[in-house]
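Below is one structure, written out as structure tokens, with a few remarks after it.
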Amino acid sequence: MNPASPANLTHVLTAIEAAATIAFALSGLLEAARKRLDAVGVCIVAGLAAFGGGTLRDVLLDRRPFFWVEHAGWLWVLLGLCALAMLFMRARHFAPTARAMQWPDAAGLGLFTASGTQIALHAGSPAIVAVLMGVVTAVFGGVLRDIVCNEIPRAFSDHRPYAICAFAGGWVLVGAQALGASDAVGLVCAAVVAAALRALALLTGFTLPRWSPKDD
Amino acid sequence: MNPASPANLTHVLTAIEAAATIAFALSGLLEAARKRLDAVGVCIVAGLAAFGGGTLRDVLLDRRPFFWVEHAGWLWVLLGLCALAMLFMRARHFAPTARAMQWPDAAGLGLFTASGTQIALHAGSPAIVAVLMGVVTAVFGGVLRDIVCNEIPRAFSDHRPYAICAFAGGWVLVGAQALGASDAVGLVCAAVVAAALRALALLTGFTLPRWSPKDD
Amino acid sequence: MNPASPANLTHVLTAIEAAATIAFALSGLLEAARKRLDAVGVCIVAGLAAFGGGTLRDVLLDRRPFFWVEHAGWLWVLLGLCALAMLFMRARHFAPTARAMQWPDAAGLGLFTASGTQIALHAGSPAIVAVLMGVVTAVFGGVLRDIVCNEIPRAFSDHRPYAICAFAGGWVLVGAQALGASDAVGLVCAAVVAAALRALALLTGFTLPRWSPKDD
């Protein structure tokens, strides 16, 4: 068997997707813990962070069933993750966990951007709408997490490139398909570009130029 | 006529449902008053608290028409309730109203959990998803109320059992149906368990164990 | 050609609608700037303010495609508007822009109320629901903008008539149709009444009577 065979590729993608979903869920869990939510709040906010973006995309595109209805086992994984965290996690684990999660989170940004954009293109959306749906898939889980925790969404306010990496990745997919690339090639390119841009931003500490509208 | 005949039972259920909807609306009304919202804000927040949970469930399950579209008279009841409250309610009525509303609210938690779970099961949802829909029906009206009022949702942060009573009640319904009980028996058991757990929590002042992740 | 011919009327309506959408977008842009959001946040909040109300109405009525999917060019207009604002706008432009935008915003309140109510009536909603959908169309873009920016929605808390003008305009449309007026007449009357009430409120500084529930 050749390591790049389709079956192996599918396994790799599934593993990345699982790692990314867990990274998204952990971002919600850590935020909920910081806000001193109770057990219910921790589970709900972790669930919103993990599944909120894809669910909002599906509501907007009028697609059913949702990912977490079709694969309801993931809800059990989420509950188990939250239970384990509440049993074994201590405050001193928070900062290292948040740091470690940056990388699967970047991978998830890439994957969810690519899959969200592709789903919207298949549903017949115009290019700009499809790219926006990719951004919604990758970013709005975190946005809902922050709204419920009564914060301005970090994706809109921390000046570090996040949604904009998804935006770029979405256009890569649209461009690849316009150039006649196969679906698989387009998806991989889009995911890699979005994830690589995010990883680059993390490594360099690059921030978006500020719009500080002072009087000149 | 026997007092437990189906017609009488339906009347009793309708009366409990009406009382619970009014209790939910009043929780929104009191919160809006505390935040000094204007007349429009009071009506909208009361409406969100009363109908938001069921509406969100129906959006997620892609069901139409909503309860408040099919029974549009309820919107008039809500407007009338808000008008009466703004005319006759004084600050000294707030605390007693909130206390008195705890009991119809607990009844509503039971009823809306049972009906929400049942609707999702009928729509073919897996058990865990159906239970989650019961929780959404019973709890997310209050969550939307708190988000609009710029608070962290009380259901996620006050450490008193609320959503978790709905969660338990939902599993009672799933379990009853798995054991071959009739729909009516399952619904009644689920509603009674959820409401009784909530009432017990109110009477004993029980709180969920805190997750205060300090360094050990 | 007569200046009130249908073709000219359509042009006028399209121009008003464009101006109103831009006014709504600018309200989001200014709010995002005040909250020091980054470029992504500015674009998303401007988009929510411009398209959020109609999108929420369409989700509730289960209508597709959304306005911004069918006319995806508007998303480019929005991106261009935000780019221009971030390049050329200074803090000293904020207050005059907000003041100037009050008038197209009032026109938009009228137009979006009329069109939202009409769409809901065509979908078979009862009168009170249709009026509510008009209010949602005209008002909930601003509500979503304020929720994302972590503020209590201004429409619910500033005691100046806004949603209530939409509410009145919606009933004008329902009343006109009940009296047998043509769709066009009803729409124009509803839009004019809602916009005129808002303009009057702006000119007179009228505020809704406060509900300050103190002990008597």
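Heads up, the Cβ atoms here are built off N, Cα and C, so glycines get one too.
Feature list (source: TrEMBL):
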type	residues	note
TRANSMEM	C:12-30	transmembrane segment
DOMAIN	C:15-89	domain 'Glycine transporter'
TRANSMEM	C:37-54	transmembrane segment
TRANSMEM	C:74-91	transmembrane segment
TRANSMEM	C:103-121	transmembrane segment
DOMAIN	C:103-175	domain 'Glycine transporter'
TRANSMEM	C:127-148	transmembrane segment
TRANSMEM	C:160-179	transmembrane segment
TRANSMEM	C:185-208	transmembrane segment
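Count of Cβ pairs under 8 Å against the transmembrane segment (C:37-54): among C:12-30, C:103-121, C:127-148, C:160-179, C:185-208, the largest is for C:127-148. Helix first, then strand, then coil: DSSP counts for the domain 'Glycine transporter' (C:15-89) stand at 63 helix, 0 strand, 12 coil. Taken together, the residues in the domain 'Glycine transporter' (C:15-89) have a mean pLDDT of 93 on the 0 to 100 scale.
Counting residues per DSSP class in helix, strand and coil order gives 59 helix, 0 strand, 14 coil for the domain 'Glycine transporter' (C:103-175).
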